[in-house]
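Step one of this worksheet: look at the structure below.
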Amino acid sequence: MTAKEIRDSFKSFFESKGHQIVPSAPMVIKDDPTLMFTNAGMNQFKDIILGNHPAKYKRVADSQKCLRVSGKHNDLEEVGHDTYHHTMFEMLGNWSFGDYFKKEAIGWAWEYLVDVLKIDPKDLYATVFEGSPEEGLERDNEAASYWEQFLPKDHILNGNKHDNFWEMGDTGPCGPCSEIHIDSRSEEEKAQIPGNQLVNKDHPQVIEIWNLVFMQFNRKADGSLEGLPAKVIDTGMGFERLVRTLQGKTSNYDTDVFQPILKAIAEMAGTTYGQDNQKDIAMRVIADHIRTIAFSITDGQLPSNAKAGYVIRRILRRAVRYGYTFLGQKQAFMYKLLPVLIENMGEAYPELNAQKTLIEKVIKEEEESFLRTLETGIRLLDKTMNDAKAAGKKEISGVDAFTLYDTFGFPLDLTELILRENGMTVNEEEFNAEMQKQKERARNAAAVETGDWITIKEGDTHFVGYDFTEYETSILRYRQIKQKNQTLYQIVLSDTPFYAESGGQVGDTGVIVSEFETIEIIDTKKENNLPIHITKKLPEHLDVPMMACVDTEKRAACAANHSCTHLLDEALRQVLGTHVEQKGSLVTPESLRFDFSHFQKVTDEQLREVEHLVNAKIRENIPLTEYRNLPIEKAKELGAIALFGEKYGDEVRVVQFGNSIEFCGGTHVPATGKIGMVRIISESSVAAGVRRIEAITGAKVEELMDTVQDTLNDLKALFNNAPDLKVAIRKYIDENAGLKKQVEEFMKEKGAALKARLVENAKEINGVKVVKAIIPMSADVVKDIAFQLKGEIPANLFVVIGSVDNNKPMLTVMISEDLVKAGQNAGKLVREAAKLIQGGGGGQPHFATAGGKNPDGLNAAVDKVIELAAL
């Protein structure tokens, strides 16, 4: 079976068992503060599992694209070194929300593997939770009894809490699980060692392929367990491992999931996969990482230096580094693999082809940028090695190696490889200590203590913010969080007009008011689609009616800026072309930011045209047309624009202002006239193929215009209220340029005369012409004089000049090449003498400069240079 046939067979099987087949959620997560990426199939169902929302379907199945770069078996630096771990992978899964449980989950897993896929039963093993006395948990005898209907007892193994008790996090739903393992060894190997001795022993041919999680508990903040009201089945099967098993391969990379990409890489590198272990590792790294990078960009995450973007950049750079080091790829190459990836996976994930141009451009620019950084890093490593050799050492410090890692993306193994080639080593203990310090810093910065939810009353949350900014409500539950030595409280309300941060729009602020007190809401966030109201103070009376009141001034400003982004999007399409797609946005009360796909700088003329179009739509005062709970197919028929990387349900909200029609959950003005006016204040590049416009609206435009007018008035006053300010400024610039030229010519004449005087006054010491002086000249003039002197006296010349410019002392030393060969070094001399002017400096052996703070020490510094030179 091909990979496509296997994926389709899984969906068909569970569809026949009454499961709703749902599309994969985006790999990039936007509304869960605990995760950056989808790392399991259950992520998109977290709200249901946590009880925040009811399940639309009781039974669900899908194939989910996932990304893991940490955790059990997922150290990024190990990917590529074995044949079955990946960063990006597909997870086949089926779920039950309060419907079937262990019996059906185990029975259907067996039916699919054995009856549909025809896997030999004697090669299968199942693990069950052995229990935990300290938790008061018994062995999962229920699961074991169901497995005994299919497997002999020696194929049913007990597993410890680490392997067979699944937990969502430190708190939340959890429960025992059953792993299904398959033994793919030869019959001879099986005869020598039984498979049950190799389960969970990291044997490359005895691997886990499916995990059946039976969620039946909730882990509280104090570590105790309580039963879940509705039990959940959550299963996940590694697609790549399953394909490998069914295609009879010993490596995931030998399957049709990876082979087309590996062949393309080998062709680029002029090699063959399977002939050289180090090259094979490099090719596996690249084949794995190109999938991760392409899907991440498709789902809206560009490489960057922060958070999720940094993870993607790190993965991309790791792949480039392997290509550079082991496959001779000194130019950008990964972007050329995209057509092969699309041909291989584009049918299952059409968004890849839809975003092809953007993905290629982003990857290519990132590669080229890192290759430049790599060259810089190599030069720095060369200098570090030379300094160590000069000091008689064969080891560089771990601190230097960590700087290379942290600043230039040099993993330790690349540094070690280059050092080995030069007969040197690195202090790994120091490097590891620096790495540990960085991890501690990151851990402390991100540390959050989250308490249990305290329930005041049962119920669901209803958002009423599209229609109301004040609404009567009550507190359903709350919890305490501690972060960065600050205690905050998160509150869930029964009904809320507060918009929770999402879709680029910041969350509402305001107050909740009862007859006893007023509590300030400092922010509103969304956690798995649940609005969370954040406050510094918990109400003393939690079970009384309250009024939730949004800050209407901030809300109105946000609404104006959000509606403006829609008009801006439409105008950009008109001016630049239909290739323009939104790639991100930020809507605050103060301003708006809009990122979009475009492959060159937007000209000033184009920006002006866009701004005029938007302002024309504002003046038209186009009323808002809003569609709520619209079936997604109907929304598409309307022509509504959806964003790549966003997850939409079966029903959506659509916002329309004339020709601008978009899927959107944000708050908007009732008519475009409420925006007032827009002014674009900047346009810049975010990444390859992605531009950014920043703009302001309404009162902020008035403030800007006032500032501009004030500046204009000040300029007019400076030019005596000249009738034509532009002409007056041009005349001033021209006159200034003329005067500057006169000064330069005067300084040249003065410098020439000074140079002649210096040559005349030069002293000869032991055959060396020594030019020593202190002059009131700028650093540039002194430098010119020094090089002119060298031109006139090419041998046996030693120049030391002290100068003062704007009360800042400067020391300049120039030495002829023959004296340098004899052992003189201007850089070393300057560094030592600069201490006398309270400064520092350096340079090359033949020319160096130093600046300082103490002009009074200049004479002593000049004499010190002569003394140190020992002429």
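Each Cβ is built from the backbone N, Cα and C atoms, and glycine gets one as well.
If you look up Swiss-Prot, you'll see His562, His566, Cys664, His668 marked as Zn(2+) binding site. Under a cutoff of 8 A between CB atoms, and with a sequence separation of 6+ in the same chain, the neighbours of Cys664 (Zn(2+) binding site) are Gly503, His562, His566, Arg653, Val654, Val655.
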If the Zn(2+) site is taken as the center of the Cβ atoms of His562, His566, Cys664, His668, which further residues of that chain fall within 8 Å of it by their Cβ?
Ala559, Ser563, Thr565, Val655, Glu662, Gly666, Thr667
Using all protein chains in view, find how many other C-beta atoms are within 10 Å of the C-beta of His566 (Zn(2+) binding site).
27
Chain-internal residues, separated by at least six, CB under 8 A from His668 (Zn(2+) binding site):
Ala559, His562, Ser563, His566, Leu624, Glu626, Val655
